[in-house]
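Residues or ranges marked as transmembrane segment in TrEMBL: 6-36, 48-69, 89-110, 130-153, 192-210, 231-251, 263-283. Here TrEMBL flags 26-251 as domain 'G-protein coupled receptors family 1 profile'.
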Amino acid sequence: TMGIVIGIICAFIIIVQFIIGNVANGFIALVNIIDWVKRRKISLVDQIITALAISRIDMLCSTFLIILITSLYPDLNTAVNMVKISNNIWIVANHFSIWLATSLSIFYFLKIANFSNYVFLCLRWRLSKVVSVTLLLSLVLLLMNILIMNMHIDTWSDGFKRNVSFGFRSKNCTLFFKLALLINTTFTCDPFTVSMVAFLLLIFSLWRHLKNMQYHAKGSRDPSTAVHIKALQMVVVFVLFYTFFFLSLAIQLWTSESLEKNNLFYVTLIITFPSVHSCMLILRNSKLRQASLLVLWWLLCRSKDIQTLVP
């Protein structure tokens with residue numbers, strides 16, 4: 001009974017996060033694309049945020065579709081082609097979602113941090129190329145992730161076919177799930193490490209800047225400090241959700257509950273990151289925040305007009 005209740009709660013949370021995440025990411029992409037069409041140009045940060053929003057819509061939809069299909073047709077869970085297709089779709093969607101978010105943290109670090117190091121200055125001058133090269137190099141990791149995952153699926157399928165006993169199949173499915181999580185967690189380590197390094201260096205840059213301000217007897221609320229703090233707020237929110245997402249992957253490796261419950265709980269956790277973080281992006285970005293307020297105001301006026309028309 002408790003398992004059924006937990007399953008229903010997780011399913012409800014997944015549906016709510018799916019709706020919120022798609023609305024938030026769709027709103028981000030729409031606002032930036034409309035602004036791009038009007039101005040006929042788009043900044044680098046808006047390019048990253050727009051691509052991130054689109055990749056997260058893809059991730060949310062693919063995850064929801066995979067869960068829906070496997071829930072309605074559980075026999076497809078053991079079909080090798082279905083397992084490969086669903087895993088590859090999720091790996092690609094998750095990869096771009098994570099690496100574009102990591103590129104955003106790199107952008108804030110290089111744009112805001114203040115170091116006199118020659119390497120740092122070269123990277124800052126070539127900020128657009130740094131982001132492009134980071135995303136291109138990440139494609140190598142994506143290819144490796146897909147290849148290793150498909151090899152793991154083939155190995156699992158061979159063992160599945162050789163032994164038809166229920167006990168072996170149950171144990172084999174659990175082992176497959178845990179090894180799949182281990183593979184995905186391993187490939188998540190690289191962007192997570194890059195984001196953490198950018199976050200720590202940004203904190204160090206702010207500390208040095210505040211120290212220099214005190215040395216020169218200036219106020220701590222100068223424009224550079226304000227920019228540092230604003231960037232830190234953006235990166236802190238990202239790192240917190242990213243850490244939650246990364247730890248949720250790691251924790252799943254040590255759980256001993258049933259495969260079905262683990263799977264549903266796992267989906268609930270991974271959807272939290274692309275859904276809630278996108279809402280935070282809207283709140284912290286002035287253009288997106290103003291656009292959202294205009295939409296809310298229009299909806300409020302629209303509802304009042306409808307109420308006046310109804311007798």
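First residue shown is number 1, and so on along the chain.
Backbone N, Cα and C atoms are what each Cβ position is placed from, and that goes for glycine too.
Keep in mind that this is a model prediction, so the values were computed, not measured.
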Segment confidence, the domain 'G-protein coupled receptors family 1 profile' (26-251), expressed as mean pLDDT: 80
Two-stretch contact, the transmembrane segment (89-110) and the transmembrane segment (192-210), at least three Cβ pairs under 8 Å: yes
Other parts of the chain folded back onto the transmembrane segment (130-153), taken as Cβ under 8 Å at six or more residues beyond its ends: 44, 48, 80, 83-84, 87-88, 91-92, 95, 99-100, 102-103, 106-107, 110, 123, 176, 179-180, 183-184, 187, 190-191, 194
Of 6-36, 48-69, 263-283, whichever stretch has the most CB pairs under 8 A to the transmembrane segment (231-251): 263-283
